[in-house]
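Pulled from Swiss-Prot, these are the features on record:
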ACT_SITE  H44  active site, proton donor
BINDING   I168, T169, M170, I171, D172, M173, S174, W224, K225, G304, H305, E306  NAD(+) binding site
Amino acid sequence: MKVTFEQLKEAFNRVLLARGVAAETADACAEMFARTTESGVYSHGVNRFPRFIQQLDNGDIIPDARPQRITSLGAIEQWDAQRAIGNLTAKKMMDRAIELASDHGIGLVALRNANHWMRGGSYGWQAAEKGYIGICWTNSIAVMPPWGSKECRIGTNPLIVAIPSSPITMIDMSMSMFSYGMLEVNRLAGRELPVDGGFDDEGNLTKEPGVIEKNRRILPMGYWKGSGLSIVLDMIATLLSDGASVAEVTQENSDEYGVSQIFIAIEVDKLIDGATRDAKLQRIMDFVTTAERADENVAIRLPGHEFTRLRDENRRNGITVDDSVWAKIQAL
């Protein structure tokens, strides 16, 4: 089915207000969920909203909490999220990293006791729109087996890097081949994954999203490389925030909350003039996209360049929402 941005935001807002969330907070949160969905990231927008409400109802998310700064070391700050709403807190932390970068050239905010930030790419994009390089990542509950294991002991720990090119170039990737959100998107659409995304119950690689969702044997990106990168990202976020690691979140909490996150902004224009910056970025993009195609009918893509197109298409044609997901939201 198709809905407008306004219908989507109103539905989110209604559910939040019904749970006693302050009007200003509810409006800002609903706006972010709707913008994420409008950008084509359904897995962490509309599809994720019922799960967000479940955690709100369970008390994992504290909607009236206010993040507090704990430590300030010039370009580096440490904050405690107080388990406030994840996407609103993450937006505030990247804003703070940008403020620090405007003073120091680089700003780093380490956040502990945070909630799921929904679409991590929103915060990298936020920095790049203002002319900064944006880098951020989060740890999570253990939802992926380390390479060589059957048992979930590491997080998908998504990493975002956004570059202020024109258009913005951005990677937003979990350390698994597919996020659990994308497994859901493909399952709901009745599609196999385009490449292997995990293991079946017999230990064979599989493209069946429903099987992987059920047995939790999701495949690390790049096999042992994604497994290793997940571990070191967890270590850095834990140390800099003095927060909870994947092990602590998994073993000590009843669900995925109280995670640790990193937000970095770099002011490129302190290091290079604008014309030179743009020329260098354009040369990189042209060099990549003019490579000989493996399939003449399939263009070579640059990461993140599709989001502006998807947003514009959704604004023109309406936003596609799975019927079962919309029914869940209407019933909340």
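Even glycines carry a Cβ here, placed using N, Cα and C.
A simple way to gauge crowding: the CB of H44 (active site, proton donor) has 27 other CB atoms within 10 angstroms, across all the protein chains here. Straight-line distance linking the Cα atoms of S174 (NAD(+) binding site) and the residue listed as 'active site, proton donor', rounded to a whole number, equals 12 Å. Those residues noted as binding NAD(+) (I168, T169, M170, I171, D172, M173, S174, W224, K225, G304, H305, E306) have their most widely separated CA atoms at a distance of 30 Å. Each residue contributes its Cα atom, and for M170 (NAD(+) binding site) and H44 (active site, proton donor) these two points are 16 Å apart.
Cβ neighbours within 10 Å of I168 (NAD(+) binding site), excluding its own Cβ and spanning all shown chains: 21. Each residue contributes its Cα atom, and for H305 (NAD(+) binding site) and H44 (active site, proton donor) these two points are 18 Å apart. Among the binding-site residues M170, D172, K225, H305, the residue whose Cβ has the fewest other Cβ atoms within 10 Å is K225. DSSP assigns D172 (NAD(+) binding site) to a strand in the three-state reduction.
S174 (NAD(+) binding site) has a Cβ environment of 26 other Cβ atoms inside 10 Å. If you compare Cα positions, the residue listed as 'active site, proton donor' sits closest to D172 out of the binding-site residues I168, D172, K225.
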